[in-house]
Every structure is written in structure tokens, then in C-alpha cells.
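Here is what Swiss-Prot records for this protein:
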ACT_SITE  His191  active site, tele-phosphohistidine intermediate
BINDING   Arg298, Arg334, Asn456, Asp457, Arg467  phosphoenolpyruvate binding site
BINDING   Glu433, Asp457  Mg(2+) binding site
ACT_SITE  Cys504  active site, proton donor
Amino acid sequence: MSKLIKGIAASDGVAIAKAYLLVEPDLTFDKNEKVTDVEGEVAKFNSAIEASKVELTKIRNNAEVQLGADKAAIFDAHLLVLDDPELIQPIQDKIKNENANAATALTDVTTQFVTIFESMDNEYMKERAADIRDVSKRVLSHILGVELPNPSMIDESVVIVGNDLTPSDTAQLNKEFVQGFATNIGGRTSHSAIMSRSLEIPAIVGTKSITQEVKQGDMIIVDGLNGDVIVNPTEDELIAYQDKRERYFADKKELQKLRDADTVTVDGVHAELAANIGTPNDLPGVIENGAQGIGLYRTEFLYMGRDQMPTEEEQFEAYKEVLEAMGGKRVVVRTLDIGGDKELSYLNLPEEMNPFLGYRAIRLCLAQQDIFRPQLRALLRASVYGKLNIMFPMVATINEFREAKAILLEEKENLKNEGHDISDDIELGIMVEIPATAALADVFAKEVDFFSIGTNDLIQYTLAADRMSERVSYLYQPYNPSILRLVKQVIEASHKEGKWTGMCGEMAGDETAIPLLLGLGLDEFSMSATSILKARRQINGLSKNEMTELANRAVDCATQEEVIELVNNYVK
């Protein structure tokens, strides 16, 4: 008998495949157990080391093919740990001299090394501590005979099932085999949801307990259109959902006819539809879906899935690739936005009570200019290969923008002195995601070249509702009149100064929000590439004059529910 699990529809489509559980295995053992056959226990440990080497070599080679040599380098470091006699010998000695079982000897010795390395005031040694911790876990799994989940080694069609997907997890996903995913936690604007749309795979988030209700290898259906997961479907359900999937793909094929069409309302007003991307690997989807530019390039993904900072040269090559691929269309690059729900192990950032309100984004970059300046240099060098716009995230005060701009201009001068060509047509803007920034939009508009409204954070900060919390998800209201008023205020402030405003939050591709945003005068709608053609079809059927009237009425509503009802009455 099948089982229905409800969640939040995060990415359109229908996936049908076996479940692959991405959950932490049970690696517990009896720490006090002594062994009598010490030679046999040493052999068991040595066997686990060799098995780990074989496994890591496969993972490393697969990562190089799927993700590139830079992402594979982290596994080279892990292999070096397995060959380090200063680590291996003490473990073998502990087994021989103390009759310790292999698991205890491994964890005791590696814990000592990790503690020592983490206490050092040396970034390289702290990175080695992370390597030892990861390798120890892998060797322990072989000692205990427990298989570790490894999404990079998937070689058959699966649906990923997990508590949540971290940026590192998604960096390892092979789109050829991962048909979709379902998670316990998350909302439509969580990292895993955003990445599922970028990868163009169906996804359900916020199911609360799917990891407890699905077993490894269960056949499951992910209905990303309605938010349903069906576990072990009946034959009739399989047939019905296969038909639904075919109809979904048929509609996508029909939408392809709009790929090269203009985005223009019935009364002749043009709108610009751009794409959000995380890496150059997203470019084929951008081009296939007829994007008129890139409204958000999330550069933090260049820094993830690795054990050290990307070099200036690595960043330059990535930015150059994107700018060249877009053939002169506008590319808006957001500088490093780390913190909150996005962490880098090698930065060793302190834990904070409220990370979304803490040391992140532009705050981190201004404080740690050894991170910020190489990125700005790489961007400036790449600027001659296309139409580059640069925007700074999480700007709260005009002084933050001024300081960031001053650093950029300083690096621009340095590069020119070094003989590099730099474009003189780079626009500088900010993300508007803090209510204080929206409130002072008229002040910012005099100094920035453009605004990009990041509604994912603007909504949670304005309504004081954590977008990752299911318990307050009812307060995460994109159509709340307070949000619409802030958006209107930002757009009007930019237009008054002859500047433009885009939106790169998930709201920009939302079919209920699009009529409102069109009416408010939004210049650029930036969204997941998969949403572009649907948005184009929708906008091409709307009247700008009518949507302006709709938006003016919406900002005077009292509740989100009133706004939704108003939109539904206007747009039928």
C-alpha cells in the first residue's frame, strides 16, 4: 500500500525513482571493548585504511569529471592523510600496546590531532584538522561495516531523501542521475529549494519526517507541482504520475516557442527577464530558457565544496566564462555572500546566536579584505569580456557602500598600473534586503547605479519571520502590503534618479507576484532559469496599465489575503 507525505512544492516537475537516503549512519561502538587478537585488529584497521583509499580515489576521480579539478583537490588532501605515518603508526601502536579495538584507537588518536591542529593560529593547520575529521569518519565506517552516503558516486536514477541539503551536498549532485529530492526541513526560499530550481529537478521540502518514513531503495514519486511525495506507489498511481510527467514535459516543449520572443505586455511595455545562477555550469539552462541576462550570479558557490579559498586566477576564469557566454547581455555579479545559511569550513567563522543578523556578506568582506580584494580584482579583470555589473549584498548603511566602492576603485587603479585592461562601463549596485536600506532608498539612489531587491531576506527581516522555520512560516508573506510598499518605495526612488531596479528573490518569478511587480514598475525580473518562459508567457498576456491600477490598490490592502484575492480578480 502506498503512503502520501505532504510537503512544500519547491521546484516544478514530477520525479519517479528509487529513494537514496542522505542521512548520517549510526557509527556508535563500545569504546571500552578490549581485543585479544591484536594482530587481527591491526589487520582490520589496515584493511579499513585500504578500503578508504579505494573509495576516496573513486570519489576523487568522479568529482574531477563532474565538478572539475579544483573541487576534486579536497579528496587529494584526504588521500594524503591516509598515507601519513605520523597518524597511522600511533593508531596501530594503541591497538598493540593497549589492546584497544580499532574504532577506539582511531577516534582517540585522530581526536588528539584535531584538537591540536584546531588550537593553532594557522589557517592551513586548521584546514588539516577538518581533513583528518572527515577521513577518520570514513575509516570508522569501514571498521564498523557501515556505508557512508555519497551523492557524488550515484550512478543510477534516484530521488535524494534527507533532512536538508547543504551547499556542499548540492555541489556533488549529478543531474544525470538525481531525478529529484525531498527533505524534512526548508521552505520555498531555503538553499535546497533554490538549488533544486537551479538544477531544474523536482523537489519537495518541509515534509518534517520523510527520512523516518522512507527506506533506502523505496520507489517514490516527487510531485513538485503539488507538494506531494508518494512512497511505494501502486501500479495505477505510477501510470497516473507518468502521464502527469509527460504532460509537464509537453508544456515545457510548448514554452520553448517563446525562447527567442520579446517580453512585452499587450499594451507594448517591455520587461527584462534575467536568470539567477550559482556556477558557470548553470549557463546551458540560462541560454535554453531565453534569459535576457543574468540578474544574480551567486559567487559563493566558487568558494564551496573545497578546502581553501579560490585564487584570483580561478575566479577570473569563472567570471570570464560567464561574461563571454552571455554575449554582451548584462551580468549582475553579487560579491561573496557567506554567513547565515551558507558557511565555509576553512574560514572558521564563530558561531553566532543570530547568524542571519551577524557577521556575513559585505560585513565579512569589509572586515577581511584579504578575501574581498582578490574577488574584486578578478571581477575587474574579467569586465572586458562582457557587460559586468557588480552588487554588494547585505548593505545596511551608505557608509558600507562607500567603503566597498572605495576598495573597488583602489583595486581598479592597482590593476591599471599593473597593465590590465579594465572596462569603464561597470555599474555598481546593492542588494536591498534590509528594511533600513529600503527606507533610505532615496539616499542610496543618489550614489548607486542600480538596486536589486533580495526579497528572500527582505521578507524575513521585515516580518521578523525566519524563512527556515516551519513554525512561523505563516508569517513569511511575500504579498504582505508592507513588502509591496517597500518594493514600491525602492523602485520609485531609483526612477527619480534615473536609475533602474531589479529583483532577484524568488518573488520575481512568482505568478501571483509578477502582475503586482509589473504594475509597480520593476525593470528587471531575475529568477531561476526554469521559470523564465512561464513568466514571459504570463507577462505577454498582461496589460501594464491594468497592472499599475492593480498594484496601486494592492498597496492599500490590509492583509496578504486581500492582496491575493485582488490579484485573482484582476488576473483570471
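Start at 1 and count along the chain as shown; that gives each residue its number.
Backbone N, Cα and C define each Cβ position, glycine as well.
Glu433 (Mg(2+) binding site) sits 5 Å from Asp457 (phosphoenolpyruvate binding site), counting Cα to Cα. Cα separation, Asp457 (phosphoenolpyruvate binding site) to the residue listed as 'active site, proton donor', rounded: 11 Å. Among Arg298, Arg334, Asn456, Asp457, Arg467, the residues given in the record as binding phosphoenolpyruvate, the maximal Cα to Cα distance rounds to 21 Å. Looking at Arg298 (phosphoenolpyruvate binding site) and Cys504 (active site, proton donor), their Cα atoms lie 11 Å from each other. The two recorded residues, the residue listed as 'active site, proton donor' and Arg467 (phosphoenolpyruvate binding site), have Cα atoms 16 Å apart. Glu433 (Mg(2+) binding site) falls within neither a helix nor a strand when secondary structure is assigned with DSSP, and so counts as coil. Shown are the binding-site residues Glu433, Asp457; of these, the residue with the fewest other Cβ atoms within 10 Å is Asp457. Here the Cβ of Arg298 (phosphoenolpyruvate binding site) has 23 other Cβ atoms within 10 Å, regardless of which shown protein chain they belong to.
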